[in-house]
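Single-structure report; data block below.
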Amino acid sequence: MAQRIFTLILLLCSTSAFAGLFDAPGRSQFVPADRAFVFDFQQNQHDLTLSWQVKEGYYLYRKQISITPTKADIAAVQLPAGVWHEDEFYGKSEIYRKRLNVPVTVNQAAAGATLTVTYQGCADAGFCYPPETKTVPLSEVAAAIDATPTPAVTQTGETSKPAAQLPFSALWALLIGIGIAFTPCVLPMYPLISGIVLGGRQRLSTGRALLLAFIYVQGMALTYTALGLVAAAAGLQFQAALQHPYVLIGLAIVFTLLALSMFGLFTLQLPSSLQTRLTLMSNRQQGGSPGGVFVMGAIAGLICSPCTTAPLSAILLYIAQSGNMWLGGGTLYLYALGMGLPLMLVTVFGNRLLPKSGPWMAHVKTAFGFVILALPVFLLERIIGEAWGLRLWSLLGVAFFGWAFITSLQARRAGMRIVQIILLAAALISVRPLQDWAFGSPSAQAPAHLNFTAISTVDELNQALAQAKGNPVMLDFYADWCVACKEFEKYTFSDPRVQQALGDTVLLQANVTANNAQDVALLKHLQVLGLPTILFFDAQGQEQPQARVTGFMDAATFSAHLHDRQP
């Protein structure tokens, strides 16, 4: 009996030893992609279901899912909505967790037809896998008699991309509308509009006057909401084209021109002939009656003054660029409601609530010009990157706070000195990014990045190891789709402690963004599951498995790792 127990213990120990012998070098805490994202499919005639079982702590990117038919015709693929995930470098993305099922309608499939499915995912711990590609064999399916053939195109997560978000909350549109009400083209008109809404009657109950004013505002809001829905619907049809850099640059130029019109460089409004026709239509309506007042409000929404044309055009263009219909209609409704609130107050309480007209109204108009100038920066930031985007924000901040400071010098009210100090301080703070760019900053004296030598194949790696001349070697795997790789560049490799620790190390880097055949071969040769992965080789060109790094490390942790690795 004792001999059997001893034999069993020996067998278990030997099994453990053999398992350790055949473990991958630098055992990783992360599982292979096939275990992180278990892919399966099932076809029943025209109905095909693609499914992924996503391991806990991992997720798939919605926009990275691509479905391409070969010798087959499929209907447009509608990917289900995911959950929002945000990171520093790529902003908001939709992801899938736990399980994903994608129904695909196969209109027709010839003999030997296949479906190529590409997907990509990451781990919450900051480890991303290269794009995975699976080939799904399709059963032969005859086309339905009434089916309309469609071209075989690639269906991706981008085709059903959710509507983009506006750079501001829709509630800000309410505040913008209220602000526009105090411009020189709008505020002086409110007493006149109030009299027209009431039908020239001076003695109406407060409730009746409030009801008529509310109906007028709702008529105006209906027009603006319809404009917002039309703009969003039009933008949704051309969503991909509206994200093209040339289109973004064109929109930025248009927004800049709209802002210049708010600065008084030129006047932007509807043609006078069209305004006259709309005014005549409005005058035919009977004031004091709910129906007539509603129509008057709806027509008033189309009559844009020089102060309202530019802000309205800017909001419409950005809504079209976002393609979000719900947000588009809601934003314009709140904008109209904001413009109508002062009118409702004037109608109920009279002119005594209105501030006196003066130069301050022109200043309000100019301030909204700066608000519109923020939109080109939002758009251009997608093209020129974070660094230049920060400089544009800096330039806009200096211009706005500088203008506000100069304007405040004309005021004689008590307490304006405090406001002037605050504005001047804000301008000085805003200029810092421009100052660092123009004259350099102390932090820029240290090299921002390590000096890597690029390699792309196994042969190039072997050659680089042979040329290391007895020095240790570090090989970093990088890809544009790897968020943690960018974090390594920005936070870890730029640290002086890390750079000092790597002073005598030969630095190699393999960029596997394309994930082509040679990239796959290199990853397979070195048994790299995903990114970021950093390998270390000794002076003889042999990898140090225990020193392998998978996943992100901050500068302090990575520096300690470099000191602890085997020589």
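Cβ coordinates come from backbone N, Cα and C, glycine included.
What Swiss-Prot says about this one:
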DISULFID  CYS122-CYS128  disulfide bond
DISULFID  CYS185-CYS307  disulfide bond
DISULFID  CYS482-CYS485  disulfide bond
DOMAIN    435-567  domain 'Thioredoxin'
SIGNAL    1-19  signal peptide
TRANSMEM  166-186  transmembrane segment
TRANSMEM  210-230  transmembrane segment
TRANSMEM  246-266  transmembrane segment
TRANSMEM  299-319  transmembrane segment
TRANSMEM  326-346  transmembrane segment
TRANSMEM  360-380  transmembrane segment
TRANSMEM  387-407  transmembrane segment
TRANSMEM  418-438  transmembrane segment
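The listed stretches are 246-266, 326-346, 360-380, 387-407; of these, 387-407 has the most Cβ pairs under 8 Å to the transmembrane segment (418-438). The recorded stretches the transmembrane segment (210-230) and the transmembrane segment (326-346) share 3+ CB pairs below 8 A when only pairs 6 or more apart in sequence are counted, and are therefore in contact. In sequence order, CYS128, PHE477, TYR478, ALA479, LEU531, PRO532 make up the list of same-chain residues 6 or more apart from CYS485 (disulfide bond) whose Cβ falls under 8 Å from its Cβ. Using a 10 Å Cβ-Cβ cutoff, CYS122 (disulfide bond) registers 25 neighbours. Just so you know, of the disulfide-bonded residues CYS128, CYS482, the Cβ with the fewest other Cβ atoms around it within 10 Å is the one at CYS128. CYS128 (disulfide bond) falls within a strand segment according to DSSP. Restricting the average to the domain 'Thioredoxin' (435-567) gives a pLDDT of 87. According to DSSP, CYS485 (disulfide bond) sits within a helical segment. With DSSP classes pooled into helix, strand and coil, the tally for the domain 'Thioredoxin' (435-567) is 56 helix, 23 strand, 54 coil. Between CYS482 (disulfide bond) and CYS122 (disulfide bond), the C-alpha separation comes to 9 Å.
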